[in-house]
Amino acid sequence: MLRNILILLSVLTFSNQLIAQNNQSSEADSPQYSEILPLASKSLMLDIAKVSDSKLIAVGERGHILSSEDGVSWKQKLVPTVSTLTQVFFYDELNGWAVGHDSVILKTTDGGETWQIQMYAPELERPLFDVLFTDLNNGVAVGAYGRFLRTQDGGKTWQEEFHDEMLVEDDRLYLQELKAEDEEMYLDEIRSILPHFNRVKAIGNEWFLVGELGLLAKSSDQGKQWQLLDEIYQGSFFDINVVDNDKIIVAGLRGNLFTSDDNGNSWQQVDVDSTALLNAIVIAPDNSVYVLANAGVLLTSSDKGDSFSLQTEKDGKAIIAGVWFKEQLVVATETGLKVVQGQ
Amino acid sequence: MKSLYNHFERNIFRFRFGVIGLFLLITAYLFVHATQIRLDASFEKNIPLNHEYMKTYLKHQQNFGGANNVLISVCNTEGDIFTTDFFTTLRGVHDQLFFIPGVDRIQVNSLFSPSTRFVEVVEDGFAGGPVIPADFDGSVQDLQVVKANIEKAGIVGSVVSDDYTCSMVKTSLMEIDPQTGEKLDTLKLAKQLEDEIRNVYEKDGISIHIIGFAKMVGDIADGAKGVVTFFAIAIAITAVMVYLFCRSFTLTILPIACSLIAVVWQMGVLSWLGFGLDPMSILVPFLVFAIGVSHGVQMINSVSREVANGNNPKQAAQLSFRKLLIPGGVALLSDTIGFLTLLAIDIGIIRELAIAASLGVALIIFTNLFLLPVLVSFVRFDQEEQKQIVETADHKLMARLLWKKANIVTSPKPAALIIIVAALLYFWGQYQGQKLKIGELHAGAPALHEDSRYNQDTFLITDKYAISVDYMSVVVETFQDSCIYHEVLDVVDEMQWRMENIPGVQSAVSLASIAKVVNSGYNEGNQKWKVLSRNQQSLVQSIARVPTTSGLLNRDCSAMPIILFLEDHKAETIDRVVAAVKEYRQQLGTDKIQFKLASGPVGVMAATNEAVAEAQTPMMLYVYGAVILLCLISFRSIKATIAVILPLYVVSTLAQALMTYLDIGLTVSTLPVIALGVGIGVDYGIYILSTMSQRIRAGESVPQAYLAALKERGSAVLITGLTLAIGVSTWFFSALKFQVDMGIMLTFMFLVNMLAAIILLPAISAYLWRDKLKK
């Protein structure tokens, strides 16, 4: 009897040790989770997406992901990263991706309740700024220094693409020479020669890409080949959107706003009474256009972007992204999420 | 022993001219010194310099500025700040402040300081410059430029008020002038702020609001000067009461004069030793006077009785001296030692108070136990006076009305009832006393009335600006050049973020949070780049834009503060924030990255609160220890000691309950009051019991002994208690909230200690000497 108990005990201790070891190793491998704290919804929030008519998901610094059913009260999710998240994209009500600094890519399959990490590469020192999926398998992620990633398996694996068609002719020739002469230097150069890709957007059958140094490009084969559009401005562009399916609007640094009625072939500058950095363009169902900007600036147009009226939020904080949700404009700002009343 | 004592007594009265001459000389000498005593206040005196937090504070004071700041808000009462006149005034205030001695010129900060700069992002990088351009001439165009620059600089809420009607000039003060090596004269500086800034620049349309420790103490000192009036009123009341008590003009003047001599001596010795009088301890001379009167009245009471017994004044004085030297000496010595124990508390102002109070009380031994009887021995009463004294000496009316009836308290049932009531009061007091909060419980300066200019200025500044004056810095101590490492700043950032989530923390700033903003700035102001770059070159670039004058890093970047702006400086807010820092530094700190508490005004308060909390129990132990020891020595009876100490302790406990009730927090200025209360209270008990214990020892019953004690000393005790209570109650009308509070506290202590000595003490005695109850 005593012997049996002893054996039992030793087995128990042993299995405990096993469990302990398992815990240890899984802890070391597991990513750091973002801290759940009361003021997460008041911290720097960088993007916001409508998952369904009754649900919003917002992302921001320190790996914060929050959800809301009314745009007013927000609930923080447990997320396996502390890296700052810059953009979130939902393909449908369940499937979505979030990208950010440290090359982090997260995926959800339950409408943003839980998230799995698909990529994390801090050593690259290259943040991602946007992500776009055309179906559950095919998508791209873009970021700083012309970073361009493509997946064909829903994000399980990602392939780097180098789009030298986004370079001017001289740079392209220079790179070709370098590749022949000094492979190592060539590899180093392609890491930083391209401008930042800030936003990739599907408009109709075409994809548009905007970014640093006035980058404006479009593609008719889902980003495999890009065609640079004529330069209209040397500063950066941060967002591109379309109103009423026919007028494209791009927004950039220091109040630079352009519209195009011919699919990006020619552009007209719109005069806005602000030199703030324009972060995002939100289109309401009634075709009202809202341009969200730094310094609390909010531009509103009721004529599809031909003219804008200016309103400045009292706190003067940058408004970075927004969605039209339940008849109101819900925005992500540098001091958190809020609802703004239009004029 | 006895013969030595007799010998001593005979010699004193034999050489009484010599004694008087000696006292006269000393008094004259010390009077000269006493007139030179000045009010003296310093910031460091109020803080526990050896506390862990204060070591951090002192270590980094030079880099990050101290906690002793002056904030001047210049406001346009007729609109926004963008007028030529306003900017002329603001520049005037800035320049004037710069040249006031004691001001740390590097730390003078306003719109006009060159370090107030703006940065804006343009297509080809940054553009920036001073908020007020070099060629600023106050024209309308220039003002428009300045307005735009203010917005770009992001200083609304800190340098400019939220509503654009005020602008701030602030600085730190230096405790020691590095050029002259002289100590900062806080009160002089406060006067200069008033005379050279407020009086010069405040005019129609412009208001000047000044806050900071120096200004607060200055205002307190101004208010404290009113204490002289209250002192005079108290002396007058005391004189009237004492006259009513003894019906002799001479016997009224003498104890008051001797008590005043004790005060003169005390001030003289303090000034001679190089001490000043802190505005917050200005009540100490008054206490010395009060305790002096209490002993003086006992002396003349005894003299009256001896005169009534047919002795001449000299014999009466000699007999009284013999009778009172021991109980009076014991009482005063226990006060002295009790106050001296306050020296154990490592806060300058409490130590000064300990020295001042114990010195004053010790000197009363000389003035009221020696000088007073010797002076009395010279008195010649005329017939009328003699008659009056004899008639009132026994206080027959009082004896008939009160003492006969009072004696009931020694009967078993009433005594039991009194003890039960006292016990209930004690437990209630204990319960309430536990709720006594440490630290300051109100916004602004609790020592001043809420409607005082200083507190109004504080409320205005708190209201108009986003940043508060209540901030605490957690200093991150790391290794040299640490801030070029992402890992280091990342931990700092994490700590800051967690602290921002603690209720009571309004906002926070550190090198990490600024580096993120700068990084975003380097990336066209794009908020998506508001991160700590993992790329070392980029990180260095961000850090390089933050000057050391920002107070966010030291020269070699081995220390950087996380500045936490708090909603207020209430004790519970401070406790919560400190506890959170302690918890998080366990998780985030390493050998190389240490989070040190604390600097900034609230850091200092946190340290002070902790020091006060720690000092509370030891202080009570020391004071009671001293009193118990002296009672044991002089009564040579444990029972007698218990009879004196128990009522005293009940009153101390009730005093703490009163503080809770009055919403007075336990601070460096209120902590000693409890100890002082013990000193005041013990006198009554010792006088009553010294007669009682003698008689009990001689075989009398407790009621007999008590009645005798009442007849002999009761009237004096009652009169002293009432007199002093009425005297301090005049403080209710003081210009200082602190003095009002102290007035209430001391009135309570004088009265309740007196009542406890004549009601609770005999009731306890009745049970302690149960066998002597019926005889």
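Cβ atoms here come from the backbone N, Cα and C positions, even for glycine.
All TrEMBL annotations are machine predictions without curation.
Taken from TrEMBL, the feature domain 'SSD' covers B:251-378 (among others).
Under the heading domain 'SSD', TrEMBL lists B:671-767 (among others).
Sequence annotations record features per position, and here TrEMBL assigns transmembrane segment to B:12-32 (among others).
For B:226-246 (among others), the entry in TrEMBL reads transmembrane segment.
Taken from TrEMBL, the feature transmembrane segment covers B:253-275 (among others).
If you look up TrEMBL, you'll see B:281-303 (among others) marked as transmembrane segment.
Here the transmembrane segment (B:324-349) has long-range neighbours at 5, 9, 42, 44-51, 278, 280-281, 291, 295, 298-299, 302, 355, 357-358, 361-362, 364-365, 368-369, 608, 611-612, 615, 618-619, 622-623, 625-627, 629-631, 633-634, 668-669, 671-672, 675-676, 678-679, 682-683, 686-687, 690, meaning same-chain residues at least 6 beyond its ends whose C-beta is under 8 angstroms from one of its own. Among the features that TrEMBL reports, transmembrane segment is placed at B:324-349 (among others).
According to TrEMBL, the feature transmembrane segment maps to B:355-379 (among others).
Residues or ranges marked as transmembrane segment in TrEMBL: B:406-428 (among others).
Tertiary neighbourhood of the transmembrane segment (B:619-635): same-chain residues 326-327, 330, 333-334, 337-338, 340-342, 344-345, 641, 644-645, 648-649, 652, 671, 674-675, 678-679, 682, 686, 689-690, 693, selected by CB-CB distance under 8 Å and a gap of 6+ residues from either end. According to TrEMBL, the transmembrane segment annotation covers B:619-635 (among others).
The annotation transmembrane segment is assigned in TrEMBL to B:642-662 (among others).
The transmembrane segment annotation in TrEMBL covers B:668-689 (among others).
Per TrEMBL, transmembrane segment is recorded for B:716-736 (among others). Within its own chain, the transmembrane segment (B:716-736) is flanked in space by residues 220, 223-224, 226-227, 230, 233-235, 237-238, 241-242, 245, 286, 290, 293-294, 297-298, 301, 398, 402, 447-449, 452, 680, 684, 687-688, 742-744, 746-747, 750-751, 753-755, 757-758, which lie at least six positions past its ends and keep a Cβ under 8 Å from the stretch.
For the transmembrane segment (B:742-769), the list of distant contacts is 283, 287, 290, 406, 409-412, 414-416, 418-419, 422, 639, 642-644, 646-648, 650-651, 654-655, 658-659, 662, 664, 670, 673, 676-677, 680-681, 684-685, 687-689, 692, 696, 702-703, 706, 710, 714, 717-718, 720-722, 724-725, 728-732, 734: same-chain residues at least six beyond its ends, Cβ to Cβ under 8 Å. Marked as transmembrane segment by TrEMBL: B:742-769 (among others).
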Note = Taking the transmembrane segment (B:406-428) as reference, the highest number of CB pairs under 8 angstroms among B:12-32, B:226-246, B:253-275, B:642-662, B:668-689 goes to B:642-662
Ask   = Which bits of the chain, at least 6 residues beyond where the transmembrane segment (B:642-662) starts or stops, bring a Cβ under 8 A of a Cβ in it?
value = 422, 425-426, 428-433, 435-437, 620, 624, 627-628, 631, 635, 670, 673-674, 677-678, 681-682, 685-686, 689, 741, 744-745, 748-749, 752-753, 756-757, 760-761, 764-765, 768
Key: seg_contact(the transmembrane segment (B:668-689), the transmembrane segment (B:226-246)) with at least 3 CB pairs under 8 angstroms, min sep 6   = no
Distant-in-sequence neighbours of the transmembrane segment (B:226-246), which means Cβ under 8 A and at least six residues beyond its ends = 252-253, 255-256, 260, 282-283, 285-286, 289-290, 293, 297, 300-301, 304, 389, 392, 715-716, 719, 722-724, 726-728, 730-731, 733-736, 739
Key: the domain 'SSD' (B:251-378) [mean pLDDT, rounded to integer]   = 88
